[in-house]
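Asks: Sharing a structure below in structure tokens format, with a few things to ask.
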Ligand SMILES: C[C@@](CO)(OP(=O)(O)O)[C@H](O)COP(=O)(O)OP(=O)(O)OC[C@H]1O[C@@H](n2ccc(N)nc2=O)[C@H](O)[C@@H]1O
Ligand SMILES: Nc1ncnc2c1ncn2[C@@H]1O[C@H](COP(=O)(O)OP(=O)(O)O)[C@@H](O)[C@H]1O
């Protein structure tokens, strides 16, 4: 009898920006307790999973040629974690193709997004009866940011960022993203924050409550005043040129700018869609970053997209 091979499954998955990221002291397990407000953005990766006789990973777009294609790729770790969760002991006969729009080591959780998308895609490819909450437990074992990429939207993250509750966000917010020429390592940025705190007492951002209220009000001007990130000082300490990028975005007309997560991507909140296009055009001429993109949020988390031949909307892009 002929075995039926299921068709490939493609999943679209968003990047995140941290609207608020307060970092507490280092825990004994090597992580920092944190409180963050995540927002999922229309800047996405697409992940296709297919049954194959030649298992492995292919990477196109951002990070092509530098992102590992072996077992250390977070998407492959997701394949192994899901296989082990459902008791598949043989080597998974799966090919994973990553089409990346999210900058690598950019503080926008691109690797986490790929892992989340792989879990969703494989659950569909293998016809598994698993809930998103079950996938979120596997996701948390792969990285602190992976569960958020499953759910998307706007959410409050606590613990090491993996414990999530949704946050009401009444508005579509418009962003301009400035990608840097080179990424920053997340552990190095946390380490730099520990060093800065040991050497002095850098100011800490306050409570997340005003940010949650601004999101409910839907007023980008109110939200702009409240963007905050304890890792920003550490990212800027490692990459002093980020100061120039942050200044340039505001000079170009953004309401406010912040380093996204551990950086080095800078995210600029704009008044509306039109303003975002104008800010992006001006920023791309300022020579302060590699590439500029516009995006909006919140958007949903990892989702299967129509048949594998379905047309893919190109992300809006402005080249520096
Ligand atoms: C900083 C944040 C903010 O959303 O995002 P990125 O900037 O990386 O996108 C996250 O906390 C990153 O999450 P993620 O990238 O999944 O990190 P993980 O793989 O879990 O951890 C990588 C390393 O970062 C440090 N780490 C991470 C999370 C945390 N709460 N405390 C930490 O100290 C630890 O050194 C850890 O070994
Ligand atoms: N699928 C993947 N996409 C991007 N980076 C990956 C992936 N798998 C492993 N990595 C490694 O993880 C590191 C962090 O990447 P990424 O998740 O893009 O950044 P960040 O943690 O800053 O959001 C990269 O330096 C890369 O070598």
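For all residues, glycine too, the Cβ spot is worked out from N, Cα and C.
So TrEMBL has the following annotated:
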ACT_SITE  16  active site
DOMAIN    73-153  domain 'GHMP kinase N-terminal'
BINDING   103, 104, 105, 106, 107, 108, 109, 110, 111, 112, 113  ATP binding site
ACT_SITE  145  active site
DOMAIN    212-286  domain 'GHMP kinase C-terminal'
Asks: To which of the recorded positions 16, 105, 107, 111, 145 does the lowest count of other Cβ atoms within 10 Å belong?
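Replies: Among the recorded positions 16, 105, 107, 111, 145, the sparsest Cβ neighbourhood within 10 Å belongs to 105.
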Asks: List, in sequence order, the residues of the same chain other than 103, 104, 105, 106, 107, 108, 109, 110, 111, 112, 113 whose Cβ lies within 8 Å of the centroid of the Cβ atoms of the recorded ATP site.
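Replies: For the ATP site the neighbour list reads 15, 102, 183.
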Asks: Check the recorded positions 16, 105, 107, 111, 113, 145 for any whose Cβ is under 6 angstroms from an atom of ligand 2, and report them in sequence order.
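Replies: 105, 107, 111, by Cβ distance under 6 Å.
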Asks: Determine, from DSSP, whether residue 16 (active site) sits in helix, strand or coil.
Replies: strand
Asks: Over the span of the domain 'GHMP kinase C-terminal' (212-286), how high is the average pLDDT in this prediction?
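Replies: On average, pLDDT over the domain 'GHMP kinase C-terminal' (212-286) sits at 97.
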Asks: With the Cβ atom as the reference point and anything under 6 Å counting, tell me which of the recorded positions (107, 109, 113, 145) are near ligand 1.
Replies: 107, 109, 145
Asks: Can you tell which of 109, 113 has the most other C-beta atoms within 10 Å, given these are the binding-site residues?
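Replies: Max Cβ neighbours within 10 Å, all protein chains included: 113.
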Asks: Distance check, please: Cα of residue 109 (ATP binding site) against Cα of residue 145 (active site), rounded to an integer number of angstrom.
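Replies: Distance between the two Cα atoms comes out at 7 Å.
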Asks: What's the CA to CA span in angstrom from residue 107 (ATP binding site) over to residue 16 (active site)?
Replies: 8
Asks: Roughly how many angstrom lie between the C-alpha atoms of residue 113 (ATP binding site) and residue 145 (active site)?
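Replies: Approximately 8 Å lies between the Cα of residue 113 (ATP binding site) and that of residue 145 (active site).
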Asks: Using all protein chains in view, find how many other C-beta atoms are within 10 Å of the C-beta of residue 103 (ATP binding site).
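Replies: Looking across every protein chain shown, the total is 25.
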Asks: Please list the DSSP helix, strand and coil residue counts for the domain 'GHMP kinase C-terminal' (212-286).
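Replies: Residue counts for the domain 'GHMP kinase C-terminal' (212-286) by secondary structure: 40 helix, 11 strand, 24 coil.
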